Amino acid sequence: METFFIETLASDVYGKALNVDLDRLSQAQIKYTLQELISYCSALTILHYDYSTLAARLSVYQLHQSTASSFSKAVRLQAAQSCSRLSPQFVDVVYKYKAIFDSYIDYSRDYKLSLLGIETMKNSYLLKNKDGVIMERPQDAYMRVAIMIYGMGKVVNIKMILLTYDLLSRHIITHASPTMFNAGTKKPQLSSCFLLNVNDNLENLYDMVKTAGIISGGGGGIGLCLSGIRAKNSFISGSGLRSNGIQNYIMLQNASQCYANQGGLRPGAYAVYLELWHQDIFTFLEMPRLKGQMAEQRLNAPNLKYGLWVPDLFMEILEDQIHNRGDGRWYLFSPDQAPNLHKVFDLERSQHENAHREFKKLYYQYVAEKRYTGVTTAKEIIKAWFKTVIQVGNPYIGFKDAINRKSNLSHVGTITNSNLCIEVTIPCWEGDKAEQGVCNLAAVNLAAFIRENGYDYRGLIEASGNVTENLDNIIDNGYYPTEATRRSNMRHRPIGIGVFGLADVFASLKIKFGSPEAIAMDEAIHAALYYGAMRRSIELAKEKGSHPSFPGSAASKGLLQPDLWVRCGDLIPSWEERVAQTTQGVLTRKSWRQLRLAAIQGVRNGYLTALMPTATSSNSTGKNECFEPFTSNLYTRRTLSGEFIVLNKYLIDDLKEINLWTEAIQLQLLNAGGSIQHILDIPAEIRDRYKTSREMNQKILTKHAAARNPFVSQSMSLNYYFYEPELSQVLTVLVLGWKKGLTTGSYYCHFSPGAGTQKKIIRNSEKACNADCEACLL
């Protein structure tokens, strides 16, 4: 190790000069090994976030000492391994253009990674040999992904390879975990999310166990619709026996998930969905629990995620019961006796007798025919749901009718379930010409477009367009585990572009979450994201053709995503003027009018945007997750790579500006668990801006969601954060979200640790809620 090793890494050679105690670190350098020095610097993060930056640079230096010094050499060494994962075609492309790739790649950019980022890359994304030795650097991985996207087709597009590498390595965009895992390999399953619909026959029940296991082994996350499975004790005419219902089947999928881990890199990840009218609903709601009768008898399935597919009719009955306007009566059915309830939805929310409400009509038809197998109340169901949420943070809630009526692909078929993180909504079915939904994900770093004079909406639009083209190419270049997944992806060509770093944008511009300015900017950012994606998808359609299911879609009729919200009455028609004002004329009424006219001629992709969790991307780049507020100003992030201290650098910079980042403040911040609300030496304006997600009124999160949702083609992973498990508080935001037309009611509901006997249960809930659903996690 060179004499001035620490001084060099802390200097501006690798970016900005770091605010660290060099004398202290020089002494530590003498005493510690390199790995110990990394841990030592990480532990000092509480003093200043630059210590974490230095630890990251040390970790990068450590990796660079043990890996090849050029991209082509790294590929050659991997290809020479007896069990190399690299595809021969990929290796040939690298060798053919190695002079270009080797001269363009910039390994100094590795030093821009956060500590959490470089350790995550080492643990999960960088290719290893059969002995577990890392064989590449982060920049090599970014170039590998870029070549996979633009170098594996009929034409090797060098220009787009280099552009995509730049966008990835500068952390302007990120691609999903399966893309990072599998790009350039012999079996490149690049897709993140898969949606399966389980039919009520023995052959298909077991087929779906096999299919889910194969998908999971390639790194995909899975959402399964169970609403079509007949209820427990239902008669099976073919055998004369009685059905076991959904319980044993869920346990079977639970065991399959535990076995079929994602390439050994992380656990498998499945979510199961059920509609609320199903006779087995109370069994379903108890199966995730860590405590209770099923758990004690080991009849639960706590490793799965759970989701409810909630119709408007249930919410109407629940609201009436809450306000004593009705008795809350809710009928339960077995789908063999009351078929197709999960295959219809209400096109309108109106109470008018002539309203298009196919679900409501069929539901009450079956009630009149006395096909129901049980009667409960809406309150009883929601209380059972909440009891489970307290323990494990889910089941998620997806608003079935809003999802379907606002889908560009509503003409294809009813959307019966979502994916692992409830942001992907693709129709899927089994049987003749079965389709199993697939979506490829990526995200844009919103903080990359912060400028001294405001926000660069034009840059965001351009980046969104670039990601659109990337994902469209991934559809053609990826591996599909089943013919039904290939058929669906080729027919609809759905993509899901998300975001991360919204909280960083607000913090940098000194905007408070929940303020009118913040809500307007949230809307404008997602409008720009959608606009950029749609514009590029239209251009791609002119070049390559529209997706085959384009005829009959909303876009084919000149309806953009926000137009579907206007049609439903959930967005006022003047939204265009509001967006024009916020973007300072970047997006005007004319912009949207021209986009509508162009869309009628053809669109390449059936879906464009979906707001997923982005913990890994956020970890890698040092930005906050997706569209969420800061969860804390100081916390320990636990990942598969270890534990890391995360400090809110924007808060520290603001406090340093007024000479308040002192040892006393540091100690108070530590003792308060990352909250500054009771540190009265800090000005009220700063305390207000740095309220954490738990400290702000949860209606703020709902209002922000309502502002961005009209520009989301699919849905979003919308979390809520509460101090105490009070059903009234949770119901308030759920009902508000439903009334505002949200597609996702809730992803996870997080609760702070409580007191007494509840404390352990809620701590378990926190553990479950914070577990990374990394299949669609970026």
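Even glycines carry a Cβ here, placed using N, Cα and C.
Marked as active site, proton acceptor by Swiss-Prot on the basis of similarity to another entry: Asn419 (among others). When Cβ atoms from all protein chains are considered, those within 10 Å of Asn419 (active site, proton acceptor) total 38, not counting its own. A coil conformation is recorded for Asn419 (active site, proton acceptor) in the three-state DSSP classification, outside any helix or strand.
When other Cβ atoms within 10 Å of the Cβ of Cys421 (active site, cysteine radical intermediate) are tallied across all protein chains shown, the result is 31. Feature annotation from Swiss-Prot assigns active site, cysteine radical intermediate to Cys421; the stated evidence is similarity to another entry.
Under the heading active site, proton acceptor, Swiss-Prot lists Glu423 (among others).
Take the CB of Cys193 (substrate binding site) and look out to 10 A: across all protein chains shown you find 31 other CB atoms. Residues or ranges marked as substrate binding site in Swiss-Prot (evidence: similarity to another entry): Ser177, Ser192, Cys193, Gly221, Asn419, Leu420, Cys421, Ile422, Glu423, Pro613, Thr614, Ala615, Thr616, Ser617.
Residues annotated as disulfide bond in Swiss-Prot, with similarity to another entry given as evidence: Cys193-Cys439. In the structure as shown, the Cβ atom of Cys439 (disulfide bond) sits within 10 Å of 29 other Cβ atoms.
Feature annotation from Swiss-Prot assigns site 'Important for hydrogen atom transfer' to Cys193 (among others); the stated evidence is similarity to another entry.
If you look up Swiss-Prot, you'll see Asp200 (among others) marked as site 'Allosteric effector binding'. All protein chains included, Asp200 (site 'Allosteric effector binding') registers 19 other Cβ atoms within 10 Å of its own Cβ.
Under the heading site 'Allosteric effector binding', Swiss-Prot lists Arg230 (among others). In the structure as shown, the Cβ atom of Arg230 (site 'Allosteric effector binding') sits within 10 Å of 22 other Cβ atoms.
Residues annotated as site 'Important for hydrogen atom transfer' in Swiss-Prot, with similarity to another entry given as evidence: Cys439 (among others).
In sequence order, Asn394, Tyr396, Cys421, Ile422, Pro613, Met716, Ser717, Leu718, Asn719 are the residues near Tyr747 (site 'Important for electron transfer'), counting only same-chain partners six or more apart with C-beta under 8 A. Residues annotated as site 'Important for electron transfer' in Swiss-Prot, with similarity to another entry given as evidence: Tyr747 (among others).
Tyr748 (site 'Important for electron transfer') falls within neither a helix nor a strand when secondary structure is assigned with DSSP, and so counts as coil. Residues or ranges marked as site 'Important for electron transfer' by Swiss-Prot on the basis of similarity to another entry: Tyr748 (among others).
Among the features that Swiss-Prot reports, site 'Interacts with thioredoxin/glutaredoxin' is placed at Cys773 (among others).
Taken from Swiss-Prot, the feature site 'Interacts with thioredoxin/glutaredoxin' applies to Cys776 (among others).
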Spatial hits near Cys193 (substrate binding site) (Cα distance within 10 Å) out of the recorded sites Asp200, Arg230, Tyr748 come to none
DSSP says Ser177 (substrate binding site), in three-state terms, is helix
Rounded Cα distance, in Å, between Asn419 (active site, proton acceptor) and Arg230 (site 'Allosteric effector binding') is 22
So Glu423 (active site, proton acceptor), by the Cβ count within 10 Å over all chains shown, scores 29
Of the recorded positions Ser177, Asp200, Thr614, Tyr748, within 10 Å of Arg230 (site 'Allosteric effector binding') (CA to CA), in sequence order, we find Asp200
The recorded positions listed are Ser177, Asp200, Thr614; by CA-CA distance, the one closest to Glu423 (active site, proton acceptor) is Thr614
Of all C-alpha pairs drawn from the substrate-binding set Ser177, Ser192, Cys193, Gly221, Asn419, Leu420, Cys421, Ile422, Glu423, Pro613, Thr614, Ala615, Thr616, Ser617, the farthest apart lie at a distance in Å of 19
The binding-site residues listed are Ser177, Thr614, Thr616; by CA-CA distance, the one closest to Cys439 (disulfide bond) is Ser177
